[in-house]
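Asker: Pulled these from TrEMBL:
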{"type": "ACT_SITE", "residues": "CYS328", "note": "active site, proton donor"}
{"type": "BINDING", "residues": "GLY225, GLU259, PRO260, GLY261, ARG262, TYR357", "note": "pyridoxal 5'-phosphate binding site"}
{"type": "BINDING", "residues": "ARG262, ARG298, TYR302, GLU329, TYR357", "note": "substrate binding site"}
{"type": "DOMAIN", "residues": "16-355", "note": "domain 'Orn/DAP/Arg decarboxylase 2 C-terminal'"}
{"type": "DOMAIN", "residues": "23-266", "note": "domain 'Orn/DAP/Arg decarboxylase 2 N-terminal'"}
{"type": "MOD_RES", "residues": "LYS46", "note": "N6-(pyridoxal phosphate)lysine"}
Amino acid sequence: MINFKELANEHKTPLYIYDLDYMTKQYGDLKDAFKGRKSIMAYAVKSNSNLSIVKHFADLGSGADCVSIGEVRRAFLAGVPAYKIIFSGVGKSDDEIREAIEKDILYINVESEAELGRVELIAKELNSTSRISIRVNPNIDPQTHPYISTGLHDNKFGVELDTAKRMYIRANNSQYLDPVGIHFHIGSQLTELKPIYESAEIVADLVRSLSNIKIELKFFDIGGGLGVKYDDEITIAPYDYAQAILGTLKGLDLTVICEPGRFLTANAGYFLTKVLYEKQNGAKRFVVVDGAMNDLLRPSLYNAYHKIEVITDSESELSKADVVGPVCESGDFFAKDYQLPVLEHNDLLVVHSAGAYGFGMGSNYNTRGRSAEVALEDGKARLIRKRENFEDLIALEKDLLV
Ligand SMILES: *Cc1c(COP(=O)(O)O)cnc(C)c1O
């Protein structure tokens, strides 16, 4: 049982709280599912990029999947070894590519022919060789929210099979490129197994056809995307996930790379916010809280559901209310028509499943400092990010004021 009241007293609200023991358990479950096969877990840093969280996974033996050079730097700072760091993403700048090659990370996940050209050119300038993997878009509908679907041709991610093959041949013939892996990631919050193994099958076939022309890959990178329970979703068990993937790799000697984000962090996190007051507009009841869309964007961005737990002495009957923040946008809400008792000033709401794509998507909109973050481990709480204050927010502007 987490003592949210005490945490709110000590650290103030709004506040992010992460249960590291839960993250450890999720990591172990997934890692164990691939037992008996060479595998690397590469934690998807964007799901929760706090240095202490990345370090927690690094200490468990995890690598890191990064989507900007900033995330690569975080991974290094957190102690992830270079040979377990992957750099993915649909648009990488020359500077980012250069730094990734210089840092000698495991590989760069390339997402277009044009990008392959840039990587080759920069590796040549550095008189180096860049290990690469190519992100294949298997054109499979992952049956998830369109904003987090990435495996269809009308998404911007990856390249078609024919293009991928051509790119592998080109990379194999270049002295500056070393094609070592193949990658797919069809979407996030996946709850259906079928699109995953269909994609794996398509990609594994491409590995075989490359092997036939003497291009031998080492890494089969299955991306992330495992869904979690926010409400009453039926999710995929790690063991079933692993078996489905491994079933497509018969006869291939490949190290499986898995890039879980949400699966490891979502349900380890809580967003704690305080009730400011209630208000009624006609028939509509609102609970106004001190947290907002700049702290936790998922409800506004995806209309995502988050369970809300109430900490109050109120024993009134439940009625429907919208839980809204102070930001000047009608889209600033955490829940709509949620059953809540009558709430008092300073009652607490705990927004569940906030550990993934929570803090990281935060902003300073409305000149609001971002929340503090606290980690819980072995029954102890420790601050892992200070609350931003006004001085932090204006630091890069105030000396430029003329
Ligand atoms: C976002 C992302 C992940 C992690 O996705 P989750 O749904 O959080 O598991 C993994 N790999 C790549 C390439 C990504 O872009």
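Each position is counted from 1, following the chain as shown.
Quick reminder: no glycine exception, Cβ is built from N, Cα and C everywhere.
Can you walk me through where each of these features ends up in the structure?
Answerer: Look at CYS328 (active site, proton donor): DSSP puts it in coil.
ARG262 (pyridoxal 5'-phosphate binding site) is surrounded by 25 other CB atoms, counting those within 10 A of its CB over all protein chains shown.
Within the same chain, the residues at least 6 positions away from TYR357 (pyridoxal 5'-phosphate binding site) whose Cβ sits under 8 Å from its Cβ are LYS46, SER47, ASN48, GLY261, ARG262, ALA266, LEU297, ARG298, listed in sequence order.
LYS46 (N6-(pyridoxal phosphate)lysine) has a Cβ environment of 19 other Cβ atoms inside 10 Å.
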Asker: Which binding-site residues among GLY225, GLU259, PRO260, ARG262, GLU329, TYR357 have CB under 6 Å of ligand 1?
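Answerer: Once distances to ligand 1 are taken from each Cβ, GLY225, GLU259, PRO260, ARG262 fall under 6 Å.
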Asker: How many whole Å apart are the CA atoms of TYR302 (substrate binding site) and GLY225 (pyridoxal 5'-phosphate binding site)?
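Answerer: For TYR302 (substrate binding site) versus GLY225 (pyridoxal 5'-phosphate binding site), the Cα atoms are 16 Å apart.
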Asker: Measuring Cα to Cα across ARG262, ARG298, TYR302, GLU329, TYR357, which the record gives as the substrate binders, how far apart are the two most distant ones in Å?
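Answerer: Taking every pair of listed residues, the largest Cα separation comes to 27 Å.
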Asker: Name, in the order they occur in the sequence, the residues of the same chain whose CB lies under 8 A from the CB of PRO260 (pyridoxal 5'-phosphate binding site) and which sit 6 or more residues away.
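Answerer: Within the chain, PRO260 (pyridoxal 5'-phosphate binding site) has Cβ neighbours under 8 Å at GLN26, LEU30, MET41, TYR43, ALA44, GLY224, LEU226.
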Asker: To the nearest whole angstrom, what is the C-alpha distance linking GLU259 (pyridoxal 5'-phosphate binding site) and GLU329 (substrate binding site)?
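Answerer: Here the two Cα atoms lie 34 Å apart.
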